[in-house]
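Quick look at what TrEMBL annotates:
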{"type": "ACT_SITE", "residues": "Glu74", "note": "active site, proton donor/acceptor"}
{"type": "ACT_SITE", "residues": "Cys108", "note": "active site, acyl-thioester intermediate"}
{"type": "ACT_SITE", "residues": "His238", "note": "active site, proton donor/acceptor"}
{"type": "BINDING", "residues": "Ser200, Lys243, Lys247", "note": "CoA binding site"}
{"type": "DOMAIN", "residues": "1-165", "note": "domain 'Hydroxymethylglutaryl-coenzyme A synthase N-terminal'"}
{"type": "DOMAIN", "residues": "166-430", "note": "domain 'Hydroxymethylglutaryl-coenzyme A synthase C-terminal'"}
Amino acid sequence: MEVYFPNTYVDQEELEVAYGVGKGKHTVGLGQHKMAFSSDREDINSIAMTVLSNLVNNYGIDWKDIGRLEVGTETLIDKSKSTKTCLMELFKNAGNYDIEGVTTVNACYGGTNALFNTLNWMESSAWDGRYGVVIAADLAVYAKGPARATGGAGAVAILIGENAPLVIETSIRSSFFDNQYDFYKPDPNSEYPTVDGVLSQNTYINALSKCYAGIKSKSLAAGKEDISLRDTDYFCFHSPYSKLVQKSFTQLYWEDLNRGILTPSPELVSKMEETKGGLKNKEINKMVTKESQGLWKEKTDMSLHLGRNCGNSYTGSLYFCLMSLICDPNVDLTDKRVLLFSYGSGCASSMFTIRGKADYTDIIAKSDYHERLENRIKKSPEFYEEVMAEREAHYGSHAAYTPTGPIDELVPGTYYLTAIDDKWRREYSKVPCKAKSISVTPSPMISYSSTTSKLFELSKM
């Protein structure tokens with residue numbers, strides 16, 4: 001598994017001052033520390049190329065051994081040609097053109113849909129024994145206003161194959177889909193979304209609740225162990241901003257209290273008896289949040305390291321949480337289960353589980369994201385606003401364009417945009433890589449529970 005984020009960021013405390021909002025509005029109210037962003041040198045194609053190239057190089061994968069590549073993104077720069085087709089440029093030297101998959105789109109859910117599609121391919125008779133790669137990547141940008149601080153950028157690449165240390169348990173999962181206008185992008189002249197903040201949060205929590213009830217019901221109906229905050233080791237959530245993840249955890253805690261799985265304090269019992277409204281009541285919400293703190297710190301808080309420091313990567317945000325969990329020095333996922341909740345506005349959502357099967361220290365050893373986070377270049381809020389203004393000015397422009405962002409601020413191995421011609425065709429180059437040792441034997445990140453192939457471990461919940 002590989003994660004990539006731009007090498008520049010803006011500090012959320014400084015944004016609070018620049019935007020004239022109260023101290024703690026972003027850092028406490030949103031739970032965010034830093035926000036990654038890129039200059040005009042990087043776009044959705046380039047960050048996807050970067051994370052794919054890093055995955056292949058770091059894990060010593062032969063480009064010919066990839067049989068499916070699917071991209072999840074909502075950062076669209078073309079209404080027809082997919083980012084996946086741009087990534088095929090990286091396979092040319094290997095002569096590998098037999099690679100299934102395209103780009104799948106539905107807000108922040110596209111990465112998970114790409115993952116499910118790849119798992120379905122590997123469980124089918126069409127699978128030819130090669131690896132599947134899933135990429136979830138986005139540049140999250142917003143118009144001026146309170147939502148702008150919830151932006152971010154990042155990309156994730158996941159290698160899927162047999163004998164991996166983490167196994168997706170495909171026998172039971174739950175989904176909830178609905179028709180909502182909570183967050184959408186109807187304006188072809190702008191890359192900014194139209195957002196109903198209150199509806200967006202309510203739709204997210206409702207989808208979470210429905211998926212949680214669904215996966216618990218399916219698990220128990222199949223005679224499997226219960227899925228709850230008590231019985232599941234770790235939880236990862238789609239994270240537009242960290243505070244929403246904590247609200248989500250509080251919601252699950254509340255539901256487990258009402259099912260009798262967890263025991264409330266006498267004070268909370270008394271308050272619940274005398275007050276109606278559940279978590280909509282501020283006093284009850286505050287008490288439940290406080291009582292859930294122990295489990296929150298134990299099972300979820302550590303998964304937000306990347307999200308707090310990079311912001312929202314849309315399709316990649318859930319998998320940024322997973323990578324943060326994997327690389328946390330105090331976490332051992334061996335023989336442990338992780339519950340993941342994926343959400344995309346509109347709305348599309350799913351809940352599924354991953355179990356640690358074997359030693360995964362190779363993934364940690366190959367990840368240098370902690371070092372890259374620390375070595376990023378800090379930019380001022382004024383500079384960030386200049387970059388955003390430039391994006392607005394050139395978005396959808398028919399004129400040929402040459403990016404002006406500094407190349408020397410990009411880390412080695414980064415792909416970047418060199419030009420857009422008068423037919424909107426994009427050209428890219430790459431910052432030369434530093435020499436580094438790589439694994440001789442490729443090591444996939446994730447396997448799956450298969451009912452059709454003996455080559456894969458049967459991992460039934």
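Any Cβ shown, glycine's included, is placed from N, Cα and C.
It is His238 that, of the recorded positions His238, Lys243, Lys247, has its Cβ surrounded by the most other Cβ atoms within 10 Å. Note on proximity: of the recorded positions Cys108, Ser200, Lys247, the one nearest His238 (active site, proton donor/acceptor) is Cys108, by Cα distance. If you check the recorded positions Cys108, Ser200, Lys243, Lys247 against Glu74 (active site, proton donor/acceptor), the ones with a Cα inside 10 Å of its Cα are Cys108. Site extent for CoA: among the recorded binding residues Ser200, Lys243, Lys247, the largest C-alpha separation is 14 Å. Summary for the recorded positions Glu74, Cys108, Ser200: the Cβ-based neighbour count within 10 Å is maximal at Cys108. Other than the site residues Ser200, Lys243, Lys247, same-chain residues with C-beta atoms no more than 8 angstroms from the centre of those residues' C-beta atoms, the CoA site, are Gln201, Tyr204, Ile205, Pro240, Tyr241, Leu244, Val245, Ser248. Here the candidates are the binding-site residues Ser200, Lys243, Lys247, and by Cα distance the one nearest Cys108 (active site, acyl-thioester intermediate) turns out to be Ser200.
Mean pLDDT for the domain 'Hydroxymethylglutaryl-coenzyme A synthase C-terminal' (166-430) in the predicted structure: 95.
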